[in-house]
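In what follows, a single structure is set out as structure tokens and then discussed.
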There are 2 protein chains.
Amino acid sequence: MNAYKKLMSHTRETVALKQVLGRLNWDQETVMPRGAAPQRAEELAALEKVLHARRTDPQVAEWLAEVTPKDAVADAQVYQIRRSHERATKVPADLSAEIARVTSLSQGIWAEARARDDFAAFAPTLGEVLNLRRQEADALAQGDDRYDALLDDYEPGESAANLTGMFAAMRPRLVALREKILGSETTAPAVHGPFNEPLQMELAEACARAFGYDFDFGRLDKAVHPFTSGQGQDSRITTRTSPDEPFGCFYSTIHEVGHGCYEQNVSAEYLLTPLGEGVSMGVHESQSRIYENQLGRGRAFTGWLHGRCQSAFGDMGLDGPDSFYAAVNAVNPGYIRTEADEVHYNLHILLRFDLEQALIRGDLEVADLEDAWNARFKADFGVAVDKASNGVLQDVHWPVGLFGYFPTYSLGNVYAGCLFEALKADVPEWETALARGDASPATDWLRAKIQTHGALYRPREVIEKATGKPISVDPLLTYLEEKFSDLYNL
Amino acid sequence: MNAYKKLMSHTRETVALKQVLGRLNWDQETVMPRGAAPQRAEELAALEKVLHARRTDPQVAEWLAEVTPKDAVADAQVYQIRRSHERATKVPADLSAEIARVTSLSQGIWAEARARDDFAAFAPTLGEVLNLRRQEADALAQGDDRYDALLDDYEPGESAANLTGMFAAMRPRLVALREKILGSETTAPAVHGPFNEPLQMELAEACARAFGYDFDFGRLDKAVHPFTSGQGQDSRITTRTSPDEPFGCFYSTIHEVGHGCYEQNVSAEYLLTPLGEGVSMGVHESQSRIYENQLGRGRAFTGWLHGRCQSAFGDMGLDGPDSFYAAVNAVNPGYIRTEADEVHYNLHILLRFDLEQALIRGDLEVADLEDAWNARFKADFGVAVDKASNGVLQDVHWPVGLFGYFPTYSLGNVYAGCLFEALKADVPEWETALARGDASPATDWLRAKIQTHGALYRPREVIEKATGKPISVDPLLTYLEEKFSDLYNL
């Protein structure tokens, strides 16, 4: 065997073991017994240590030194393996294992603190998680920016400085749009329930199928915070239900379907290799958001969904499809990011992006985080946070150590804006099909342009290849301004 | 660190990774998407290879050479680690990985062949599994008996010759009892359904709680072939339902509760160590069978269960608690081992024990297995097998390579007989409590005598310590003769 074959054989097993780790995480958030958390933490730490040892294996360094990739695919595989090896060799094995152990336990502590709206009960644990991730960031950055070192895990090649510039260009237009909407005389209709939760799950499954999610290679379960887990032949999605309104369930589902389809649709030739998964969180989010928003919350699909909802729930207190469309797209300055409308969503991200940079760089203490959150929220959203579960405790990301992850959500929205502009030009029939509950013209285009490539190209590269243009915040903002001006008669 | 501490630290991680493997198996049989089987096979093979490398790690051999255990617990830990290391070093890593890969795939092929009653469709796969296990047996036996080498995995220290003697002593008394029952004029009443399956699952959960299963450290799901998976803080059970009769659901549940409680009740000091699990399949089966049969199918508990069933299903076509007791204990020469009554059960095992010895020793070809099964079944049970799913394809054991496992079921029944005799003498209040749906006097005794010890003692040793007597088939046979003579007015 030549060096490339040895490298790929070794890596294939590493990727398979990484899938196992993902399966444990899925299990933990959906079906794991309550009392199993301490034991599970040790299981995760042991597996993390195995993965770390494989990634840092000196043989990998030797093979990497010898290898001469003979085509673009081999070149991309080697690039990803080298990236993973270099990252892993910078972080001590004990630190990796400790992070796995602590973040596994911290999730349960967070869930309990969140249920009791008690940030103080969670703060020491968050401090421990933050401290470990800062140690890791320092090991990775080797003198460069500590926050960028973490960001690079989720969005390779991206920098906080670049994102800050991009977000600065978005903010005035988003704020202006938000103020016009909230100052307008139009109010969105509200739905009236209750909405049977098993029926919501049935309709969620129908939505997933409409968007091309393949249940032979995945499943749909409930979770407190919906997520997608697993690559290739086993990419599972989750959603949540509330008896008061059904849209959270449907649009969480369609959002996760975007993630799940990205994973399911990667070319089978990349299965269990470094190219066999989505290339970055930002590109991932572009898929979930375009499925959820540009496609899922448009007039075409809401027309179809309205018919299904009428059969399941009656008139829901709405006048008809226009009223349903307005209800789905209601703009309200709510507390919860995952329930936020398209106009407010990125303001939530900006808040977290700034706070987590301050935490990681040491400009903000965990003890002061809740106050900082609440002050910033009041300033940006005009209302005071009423309880920690509506504020600083709402998201699972920081509790499990995901610092540097949040900005990829807004980046994904920007990418989704670019992709939607190109899709409309390339696939004129997308909308008439979607009105029949058939997303395939749109999702086939996304599959061919983005999803099938897995991690073959760099994040910005795959988007720019798909659109034929440089990345810009304009398409997203123009889409939002047009859509909501129409909805709110601005 | 001294050699013992190093050995235990290494082993603790190995045991944690073994738990992960168990979790993947649970996932595969309960929730895994259909199309994920090929990828899962690679995941299992990769993890199996990691475990094999850890067990055969030359450092383990060095530590084992140096170690001087300072008490009985340390001595038992070292005994188990040495056993595992010696077993693993005898089997080539590639063979272990190939067995994991093939048996993962074969389960899906078996399930499809079983659904179509097509043994020929499964035979090539079974041949492959058998061939691999024979290679493994030869590597383990090193010239000794090939079948005993496999048996030793499930029942350390046991031999086919010893079991053959034990089974020979049981067979005439079982056959005589069976013939008297089938020749008697008493017929057991039958239940009339249909029986709502979600209600069955609710009652199954109530049964599990009555027998002390702790849902904080486990869960109950459905599976084609019920099983228990996982140790310590995460021991999960499964059951099945049929709309035609509810007893299969309840007694599969109580059976698995016996297994699950054995794992949940091992002393917490042994968590994630080699002592932190049941010591053998035979002792495991003693717990599942005493929960299911001696306790679960006795007059006391069936009286309680009858009340719960009446509330759930009405009179079920039965006259009252005596009729319910008779229906639960109906003796019929059925096809399916897991549905067999207590009288026929061990005849099913004898059939499999003889056939699998012939397969492993090379006296029977896979191509001839279905005919051999059908001929033997006709001879032992007096009826012809009507379809493969009622015959050779009914059990998951051979498809996943579990040769040498079946006889531990009968051994477990013998152990359960011994334990029940001692329990009745030691805990006279067991029966009045059970009549109130409270198994705790009986299960507390089993916990203290058997379960808490985990793998501290050898299999026969822990049973004989509990009963204060040598192992004998007499208590089981006497129990059966008395119970069924009463039921069938013999």
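All residue numbers here begin at 1 and follow the chain in the order shown.
Even glycines carry a Cβ here, placed using N, Cα and C.
According to TrEMBL, the feature Zn(2+) binding site maps to A:HIS255, A:HIS259, A:GLU285. TrEMBL lists A:GLU256 with the feature active site, proton donor/acceptor.
On the structure: features taken from TrEMBL.
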| residue | record | Cβ contacts under 8 Å, 6 or more apart |
| --- | --- | --- |
| A:HIS255 | Zn(2+) binding site | A:PRO226, A:SER288, A:ARG289, A:TYR291, A:GLU292, A:GLY296 |
| A:GLU256 | active site, proton donor/acceptor | A:PRO226, A:PHE227, A:THR228, A:ILE237, A:THR238, A:THR239, A:SER288 |
| A:HIS259 | Zn(2+) binding site | A:THR228, A:SER235, A:ILE237, A:GLY278, A:HIS284, A:GLN287, A:SER288 |
| A:GLU285 | Zn(2+) binding site | A:THR408, A:TYR409, A:LEU411, A:GLY412, A:ASN413, A:TYR415, A:ALA416 |
Once the DSSP letters are reduced so that anything not helix or strand counts as coil, what is A:GLU285 (Zn(2+) binding site)?
helix
